[in-house]
Amino acid sequence: MAKRDFYEILGVGKSASDEEIKKAYRKLAMKHHPDRNPDSKGAEDKFKEAKEAYEMLSDPQKRDAYDRYGHAGVDPNMGGGGGGGGFADAFGDIFGDIFGQAGGGRGGRGGPQVYRGADLRYNLEITLEQAAHGYDTTIRVPSWDNCETCDGSGAKPGTSPVNCTTCGGHGQVRMQQGFFSVLQTCPKCHGSGKINPSPCGTCSGAGKIKRNKTLEVKIPSGIDDGMRIRSSGNGEPGMNGGPPGDLYVEIRIKQHPMFQRDGDDLHCEIPISFAKAALGGEIEVPTLNGKASFTIPEGTQSGKTFRLRSKGIKGVRSGYAGDLFCHVIVETPVTLTERQKELMREFEQLTIEGGSKHSPQTKSWKDKVKEFFE
């Protein structure tokens, strides 16, 4: 099975502090520690899973690489020498597992273990316009591929892997646990059943090398922030003939200077002049598909919201367009000329003489103040 998200394992968000991550790990470690659950294989697996997640997220450099690229951003424990098991360690056990190595699947009875490749994650930042209209792009994803020098065998050219002398090529060894006989992943070949007496110099016997893979990604119109696009088979390669993992492209939408998105709806603030608010009239507003206009009535107050139907974003699932909500902001004039100030004073005097009919909210507020002090 594919590796789970490290943040999900610990039950914390991606913005969690170091202390929160440490606290979450301690809680899980206490709950699932093998000494407290001697007969629970599930608890033991969860304990190892939590430990691996903590080891990655507690290291600032590893956490940064994981946040950017997912599991592919964290280097496997690549080792050289005769074992050729460095790459296998990336899928393997933290402490050693007498019940069989965690994180993979078992092949034929007594044969080498087969592992599905790890899933990869790639964060892709796009604009709101690209999200609304769809977008085709290419991305470069760091991934592990078969070493071309040794064709993935891990052996030096001209040589071949040989059966592991510890497990006889089976990838597993049998251990006696009291009255029970159980299979354990071979500690020498790490489940592959093979060792390389002469490891490949390019990949140090791992059979894998890290490189950037260029992929085309089609972003559907209407996609929202946080949605993921799955690219099957473009994750890390499997082990011992296992299938490759998948690539998940997680969408991040840049903040727009004018619009705020709420699902398929859009919101924007529209500044209008004092005169336009008082007299009413037609105003022109931008949308993601061009310009639109609507009429505001006389006496429009600041904060009034106008709804333009179907001027939002067409939903990626619903197929229907959301609405555009225009929030009117009446702008108070500044840097007035003397003539403008004179006219404003005259206007203010006329408003006072006209009584509450010109400023009903002001009249209501004054009445409330008067009642408050009486």
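Including glycine, each Cβ sits where the backbone N, Cα and C put it.
For the ranges 29-50, 293-314, the feature annotated in Swiss-Prot as region 'Disordered' maps to 29-50. On the 0 to 100 pLDDT scale, the domain 'J' (5-70) averages 84 in the predicted structure. For the pair C203 (Zn(2+) 1 binding site) and C189 (Zn(2+) 2 binding site), the Cα-Cα distance reads 16 Å. In this structure the C-alpha atoms belonging to C186 (Zn(2+) 2 binding site) and C200 (Zn(2+) 1 binding site) are separated by 21 Å. In this structure, the CA atom of C189 (Zn(2+) 2 binding site) is 18 Å away from the CA atom of C150 (Zn(2+) 1 binding site). Put plainly, the binding-site residues C147, C200 were compared by Cβ crowding within 10 Å, and the winner is C200. Other than C147, C150, C200, C203, the residues of this chain whose Cβ falls within 8 Å of the Cβ centroid of the Zn(2+) 1 site are, in sequence order, E148, T149, D151, G152, S153, G154, A155, P199, G201, T202, S204, G205, A206, G207, K208, I209.
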